[in-house]
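Below is one structure; the comments refer to it alone.
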Amino acid sequence: MIRVAINGYGRIGRSILRALYESAKRDRIQIVAINELAKPEAMLHLTQYDTTHGRFHTQVKLDNQHMIIGDDAIKLLHEPNPANLPWKELDIDIVYEATGVINDRQECEAHLKAGAKQVLISHPSSNDVDATIVYGVNQDLLRAEHTVVSNASCTTNCIVPVIDVLDRHFEVKSGAITTIHSAMNDQQVIDAYHDDLRRTRAAGQSIIPVDTKLARGIERILPHMKNKFEAISVRVPTINVTAIDLSVTLNKRVDIELVNRVLKQATEGSFSGVVGFTNEPLVSCDFNHDPRSSIVDGTQTRVSDGHLVKLLLWCDNEWGFANRMLDTSLEMIKAKRSS
């Protein structure tokens, strides 16, 4: 059993907790504490009720600065400085760093100084972390001495396994990506001030282009893809589930049937449970609460001139990513204990 703490109980933090309680990993992972500046009553309410993922299936209550879920008592903390958190006292193996604002090694080391053994960041990080992992592709890079690890981003986890399969079978020459991402909490409900002028506009009324570093994220996981990809991203007025429009030029000649067959075989083999494949006529809400990192929509595969391939990928940008946080943390402990 590994003892974990969640720092930051927002969309991803709560999804991690819910994903754990809906999975078979509860016999291996125990959430010991949650650090969040919000009031306990609000934390309880947002655990019980969720607009996107529905009601929590287990009874939850507060008792003496603990959140009680079934027979589990999770300590609630409200400390703004990670260095002051009682991780040593609580014997924390891994901190899930889910605030969204702590993303470099120096900031994460505050958790280590407080007594945590390792930190897993729930978003892209600076280059000074020990490793950036996309589960299913490069978790074998984890080493016992790694203390600060990034789980990359939901979109990187969605697209990299598919690029990896295409490259191994057909040799990817170059690619272009459009991420069609649900609205996020860094946007405005109605027009209001933001450093990004496009994000001053109401999230529910427009398709809003935003900056993305997805192409650089691909390079970090697949270094041989350096300078081969470019990406743009738009936010759309939905609350969850993201689509990715992926176009790649391949060195080998292909057709639609071959591309779909290879991708489907990968989902039944090495990427089982991580990448899915569908030929059903589905829409974005059909992938809500899907635990996989990526689902290839085979009905939308297109091939031009035998070498240019266009794919449509789906992912639940909250739930799929939260499940990968659990998977990566187990791999971190496995690497640490195998030394």
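Cβ coordinates come from backbone N, Cα and C, glycine included.
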Check: Among Asn288, Asn317, which residue does Swiss-Prot name as a further NAD(+) binder in the site formed by Arg11, Ile12?
Finding: Asn317
Next item on the list: Counting Cβ neighbours within 10 Å across all chains shown, tell me which of the binding-site residues Ser153, Thr155, Thr212, Asn317 comes out on top.
Entry: Thr155
Next item on the list: Among the recorded positions Arg11, Ile12, Cys154, His181, Asn317, report those whose Cα falls within 10 Å of that of Arg235 (substrate binding site); none is a fine answer.
Entry: His181
Next item on the list: Starting from the Cβ centroid of Arg11, Ile12, Asn317, which together make up the recorded NAD(+) site, report each further residue of the same chain whose Cβ lies within 8 Å of that point, ordered by sequence.
Entry: Gly10, Ser15, Cys154, Glu318, Phe321, Ala322
Next item on the list: Give the residue from the recorded positions His181, Arg199, Lys213 that has the most other Cβ atoms within 10 Å of its Cβ, counting over every protein chain displayed.
Entry: His181
Notebook entry, point to check: Which binding-site residues (Arg11, Ile12, Asn317) fall within 10 Å of Thr155 (substrate binding site) by Cα distance?
Noted result: Asn317
Check: So, in DSSP terms, is Arg11 (NAD(+) binding site) helix, strand, or coil?
Finding: helix
Checklist line | Rounded distance in angstrom between the Cα atoms of Lys213 (substrate binding site) and Arg11 (NAD(+) binding site) | finding: 21
